[in-house]
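> Taken from TrEMBL, the feature signal peptide covers 1-26. TrEMBL lists 27-316 with the feature domain 'Plant heme peroxidase family profile'. The feature disulfide bond is assigned by TrEMBL to Cys37-Cys119, Cys70-Cys75, Cys125-Cys312, Cys202-Cys227. TrEMBL lists Arg64 with the feature site 'Transition state stabilizer'. The active site, proton acceptor feature in TrEMBL is assigned to His68. Annotated Ca(2+) 1 binding site per TrEMBL: Asp69, Val72, Gly74, Asp76, Ser78, Glu89, in sequence order. TrEMBL lists Pro165 with the feature substrate binding site. According to TrEMBL, the heme b binding site annotation covers His195. Feature annotation from TrEMBL assigns Ca(2+) 2 binding site to Thr196, Asp237, Thr239, Asp244.
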Amino acid sequence: MANLGWSASLLFLLVVAALRSPFAAAQLRPGYYASICPNLETIIRNSVRQSMAQSQISASATLRLFFHDCAVRGCDASIMIVNSNGDDEWRSPDDQSLKPQGFQTVLDAKAAVDNDPQCRYKVSCADILALAARESVVQSGGPYYQVELGRYDGKVSTKSSVVLPHVDFNLDKLNAFFSGLGLSQTDMIALSGGHTMGAADCSFFQSRIGTDPSMDSGFAAQLRGTCTSSQSSAFLDPTPLGFDNSYYRNLQGGRGLLGSDQVLYTDPRSRGAVNYYASNQGAFFYDFTVAMTKLGRVGVKTAADGEIRRDCRYTN
């Protein structure tokens, strides 16, 4: 995460129309693979369960990977591409917070799907990532929701295409970014609740410790003891392995780790939604599933501009 420069802002505005195209999204439907790969969701569910057993951070890493994919070129698994010249999304400075466990979860799920002869090379990496993100939420105690399927995989991945929200964004900047994806302030606040799982490197919030009056003083003292080196990290909320609404209760107490999280409570225009989700986990769960469905429609590729990758890391 870094400052959103003018050139990056212009690039983002130029691709907004393509990302929000309704035509490709219209092809999506929950039963897309019913006759192609009827056991798809069971295969991915079991694979994600194995990944979570192997690594405690696989669920949060996979959920974050889905957002970073959809928010750049759309939900086309371009974040997974490894280019031989080193110019690809995952090597962008803004994607260095992504953890390898998320990538491995998707690769393992892809291998499991292709191990079924009926499914081999017929399911896109983009759809596998979308389903793995859902399973990461559900198997961490979060809500179940149907995933619309039928995405094709993108063929392009470049560092320069990566424009993402940064930890110093205020509410206006957050709303501007998410609006470009066709998402509302309510969607943005609900998706931010995904920070109920996982951790953040100290470099993303260390400058707030002792200087940001919105941070609880006791929490700041705790973080000073945690962030003893540039390699240190801290949990985003007290239940980092569970998907719940404790993230919002944290914000109420001035214990939001990232500035772009805490601003949701300090700004009175968004505080009401934080309070609502903090007191009503069911409402948060519902709005999160709505927002995830809308996010999953962003920048969907079709057979005309996409493909079904045989290996998620490389274009065919």
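Each residue, glycine too, has its Cβ placed from N, Cα and C.
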> So of all those disulfide-bonded residues, Cys37, Cys125, Cys227, which one's Cα sits nearest to Thr196 (Ca(2+) 2 binding site)?
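Going through Cys37, Cys125, Cys227 one by one, the closest to Thr196 (Ca(2+) 2 binding site) is Cys227.
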> Sort out for me which one of Cys70, Cys119 has the most neighbouring CB atoms within 10 A, since those are the disulfide-bonded residues we care about.
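It comes out as Cys70.
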> Among the recorded positions His68, Asp69, Pro165, His195, Asp237, whose Cα is within 10 A of the Cα of Cys75 (disulfide bond)?
His68, Asp69
> What's the CA-CA gap between Cys37 (disulfide bond) and Asp237 (Ca(2+) 2 binding site) in angstrom, rounded?
38
> Counting Cβ atoms within 10 Å across all protein chains shown, which of the binding-site residues Gly74, Pro165 comes out on top?
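Buried the deepest by this measure is Gly74.
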> Pop the mean pLDDT for the domain 'Plant heme peroxidase family profile' (27-316) in here, whole number is fine.
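Here the mean pLDDT over the domain 'Plant heme peroxidase family profile' (27-316) amounts to 96.
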> Measuring CA to CA, name the entry from the recorded positions His68, Ser78, Glu89, Pro165, Asp237 that ends up nearest Cys125 (disulfide bond).
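Of the recorded positions His68, Ser78, Glu89, Pro165, Asp237, Ser78 has its Cα closest to that of Cys125 (disulfide bond).
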> What is the nearest of the recorded positions Pro165, Cys202, Cys227 to Asp69 (Ca(2+) 1 binding site), using the Cα of each?
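That would be Pro165, nearest by Cα distance.
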> What is the set of residues, excluding Asp69, Val72, Gly74, Asp76, Ser78, Glu89, whose C-beta falls within 8 angstroms of the centroid of the C-beta atoms at the Ca(2+) 1 site?
His68, Cys70, Ala71, Arg73, Cys75, Ala77, Ile79, Gly154, Ser157, Ser161, Gly299
> Listed recorded positions are Asp76, Ser78, Cys119, Asp237; which of them have CA atoms within 10 A of the CA of Cys70 (disulfide bond)?
Asp76, Ser78
> Including all protein chains shown, what's the count of other C-beta atoms within 10 A of the C-beta of Asp76 (Ca(2+) 1 binding site)?
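Result for Asp76 (Ca(2+) 1 binding site): 30 neighbouring Cβ atoms inside 10 Å.
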> Can you grab the distance from Cys119 (disulfide bond) over to His68 (active site, proton acceptor)? Cα atoms, rounded to a whole Å.
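Cα of Cys119 (disulfide bond) to Cα of His68 (active site, proton acceptor) measures 26 Å after rounding.
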